[in-house]
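Reviewing the structure listed below.
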Amino acid sequence: MASQGQRVSWGDESTKRRGRSNSRGRKNNDIPLSFFNPITLEQGSKFWDLCPRDFVPKGIGNKDQQIGYWNRQTRYRMVKGRRKNLPEKWFFYYLGTGPHADAKFKQKLDGVVWVARGDSMTKPTTLGTRGTNNESKALKFDVKVPSEFHLEVNQLRDNSRSRSQSRSQSRNRSQSRGRQLSNNKKDDNVEQAVLAALKKLGVDTEKQQRSRSKSKERSSSKTRDTTPKNENKHTWKRTAGKGDVTKFYGARSSSANFGDSDLVANGNGAKHYPQLAECVPSVSSILFGSHWTAKEDGDQIEVTFTHKYHLPKDDPKTGQFLQQINAYARPSEVAKEQRQRKARSKSVERVEQEVVPDALTENYTDVFDDTQVEIIDEVTN
């Protein structure tokens, strides 16, 4: 494929043969997520016979990038040990992305139907795929949708998943309480027998009980769980604790581009997390100092805000913060910078003979000089 691409042309291909195949399609394991909701068909309908050539969803990319393919996802359910096939689903991906990211436009592939608007370019787009922490978008088209196509709408998956988890946790807690009560009853019987024997020997058991009770209270306060409680919360209200943050916010991508491998793997347990957090605006600053917009997106409301603020160039925290932006796209460069910083740090420790306050723990003031860095943060939920 030429690097510059060319304008779309359908002159060398028959509509009937766009993606038709005889097999059941590829496996659905580890398929990248589509930006859009899927399409299902009426029973007996063939997607490749009905799909218009310019059947590209609206809402993402420029005019040159309105090109891609619909990918078939086969589905089934096991019922009493037997496989029961479910209706196929078709998901849209832009050219150069998704499960067939390396395929050329109009390349004959199993379970793939190519589509493009007339003024698009036949070169790979840079639009990527949807992150795991983002909701899929409702399908909208400039062309007429075939009556046999059913456009799926977003389901409240988080709510149903939360209810399922809540029921499971409730059962587990009930079983745990039952076992605990049984064990406690046995322990109480043994304890009462021991206390009675000690009392006969003249031992002050009440004093020992008070001491043991205080010890238990201190122990329970030390082992209190500080892990953030994220159950039944929207994705945008969850808080990452110590550990991998991708399970809450997805892998690093163009829509979630902050954090190197160390920060993503350790969350707020990362070495420089406190200093990085100091560079982030407060809730009230975001709420009252941002530009907000909202629009309907299927059965949900999509909210976008843009927030601009300044950081001083000569503050060490600013340099650390900037290094985390788009770090996922340059892993080798980031690793080299980290090694250099570590070497410089060891060199300074050997040379210096006195303890110097750590500049990275200084607090910001509201007044900065003219040597500043401007950061514009746009978040869409």
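Any Cβ shown, glycine's included, is placed from N, Cα and C.
Per Swiss-Prot, compositional bias 'Basic residues' is recorded for 17-26.
Taken from Swiss-Prot, the feature compositional bias 'Low complexity' applies to 154-183.
What Swiss-Prot lists as compositional bias 'Basic and acidic residues' is 201-234 (among others).
Residues or ranges marked as compositional bias 'Basic and acidic residues' by Swiss-Prot: 333-353 (among others).
Under the heading domain 'CoV N NTD', Swiss-Prot lists 31-153, citing sequence analysis as support.
Helix, strand and coil content of the domain 'CoV N CTD' (223-336), in residues and according to DSSP, is 41 helix, 26 strand, 47 coil. Taken from Swiss-Prot, the feature domain 'CoV N CTD' covers 223-336.
The phosphoserine annotation in Swiss-Prot covers Ser9 (among others). Other Cβ atoms within 10 Å of the Cβ of Ser9 (phosphoserine) number 12 in total over all chains. Under the three-state DSSP scheme, Ser9 (phosphoserine) falls in the coil class.
Counting only same-chain residues six or more apart in sequence, the Cβ atoms lying under 8 angstroms from the Cβ of Ser253 (phosphoserine) belong to Gly128, Thr129, Gly131, Tyr328. Taken from Swiss-Prot, the feature phosphoserine applies to Ser253 (among others), supported by sequence analysis.
The annotation phosphoserine is assigned in Swiss-Prot to Ser255 (among others) on the grounds of sequence analysis.
Swiss-Prot lists 1-29 (among others) with the feature region 'Disordered'.
As a whole-number mean, the pLDDT of the region 'RNA-binding' (33-159) in this prediction is 92. Residues or ranges marked as region 'RNA-binding' in Swiss-Prot (evidence: sequence analysis): 33-159.
Taken from Swiss-Prot, the feature region 'Disordered' applies to 152-239 (among others).
Annotation comment: Swiss-Prot describes 331-353 (among others) as region 'Disordered'.
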**OP:** Round to the nearest Å and give the CA-to-CA distance linking Ser255 (phosphoserine) with Ser9 (phosphoserine).
**Re:** 32
